[in-house]
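Record features, source TrEMBL:
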BINDING   30, 35, 86, 121, 158, 269, 334  NAD(+) binding site
BINDING   155, 156, 157, 158, 210, 255, 256, 257, 258, 259, 263, 327  substrate binding site
ACT_SITE  266  active site, nucleophile
DOMAIN    320-425  domain 'UDP-glucose/GDP-mannose dehydrogenase C-terminal'
Ligand code: UDX
């Protein structure tokens, strides 16, 4: 099939590359000539495991092409996939100007039947707006050309997006047009595994499904984070509680990990947008409001622990920070807890030496005005030299089995604040280290209790 992808950002590139990989002819459009030039030269501006290879392979095979030419892009694909950003506007609602701009261009240049597919995360009712914009453009041209608008939200997770696209849990198609549904079924046929993963519904329900999924996942995390805070007060271990409840099939294991807060480009933005959507129809999502508040507080819990241990004035102290990205396997720092942690430590007078396997360049951009107090290490162990304590904000695999003796030797004070509970509390390596996790007794406290007993 001939597919145009409008917007060559994260979702657009992954979608375009994966659709080309199963044999479609794909043309990716972007308004940014520098981005398109880089892609044409075999480069890529985002970090996503496996994406690089799959783009190169399909460009070489001639199935994946890039352009800044809007007219050419609209004429090219029977399928027009809209994968542009929906950033929050001033009040937190999703800003639809790029989505509707793409719709306008489709209406302006289309010459034959199109299936217009909304892949961007968009509020309920957007498919109707997209349809109206295209129809208005066609009317302006006095052109009578058929088209259909389909909602097809993506559920890609950064870091495993290729896997998510190639082997989806479900494919949500919002449409009531049998012809469009047939085309979407054909498009996704190579990604259906043993059983049918297509869920066909009306476009409004499809649009809400995306927000509901992210809101549900964020709710689980915030709820676990609240239980973790309670655990600290009660002297219980949230990690044991997590295992105790996760084994209940109705609860399950995923998204039950307490930590120093969720971040990323989706959860915070989508929760804001869903709250606005609810307010606009006179609804109130009390639970979700609390989820958001709990997460804001959670991003500061590590700093609270640092202050409790070192006092409110951190002048003269240096903290090694492992993990800048909002989660492992990405260089994305959007809404990352590390941003809140670094800003607070610097405000309290501390110096920070940060390490991240992928996000240091991004951090330099984000914190460009803090050169003096904030520096970066090329290796996690080097970050520890002359530091007073270690703070872990992201659970990169390479942090999980460190040389604890080297940590003790390099840190001025053997203190670890673990924002992702990546160590086993009973690991012998932690002996001699003051260890503060999330929702569990600190290792020092536990040793005291053992001694008393
Ligand atoms: C999310 C959704 O999972 C995906 O379906 C949607 O398309 C986009 O938004 P992503 O933003 O890539 O994907 O990140 P995800 O892996 O979901 O993690 C989000 C945040 O939650 C991260 O900051 C992560 O550290 C945190 N998290 C996740 C927890 O704190 N605990 C958990 O148990 C799981």
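Backbone N, Cα and C atoms are what each Cβ position is placed from, and that goes for glycine too.
Unlike curated records, TrEMBL annotations are generated automatically.
In this structure the alpha carbons, written CA, of residue 263 (substrate binding site) and residue 30 (NAD(+) binding site) are 26 Å apart. Sorting each residue of the domain 'UDP-glucose/GDP-mannose dehydrogenase C-terminal' (320-425) by its DSSP state yields 33 helix, 19 strand, 54 coil. Candidates 155, 157, 210, 256, 258, 266 (recorded positions) were compared with residue 334 (NAD(+) binding site); those inside 10 Å Cα-Cα are 266. With respect to Cβ neighbours within 10 Å, the binding-site residues 35, 157, 210, 269, 334 differ, and 157 shows the lowest count.
Here residue 210 (substrate binding site) is positioned 16 angstrom away from residue 158 (NAD(+) binding site), judged by their C-alpha atoms.
Checking the binding-site residues 30, 35, 210, 269, 334 for a CB within less than 6 Å of any atom of ligand 1 leaves no residue at all. Cα spacing between residue 157 (substrate binding site) and residue 121 (NAD(+) binding site): 13 Å, rounded to the nearest whole number. Cα of the residue listed as 'active site, nucleophile' to Cα of residue 121 (NAD(+) binding site): a span of 9 Å. Between the CA atoms of residue 256 (substrate binding site) and residue 269 (NAD(+) binding site) there is a gap of 21 Å, rounded to the nearest whole number.
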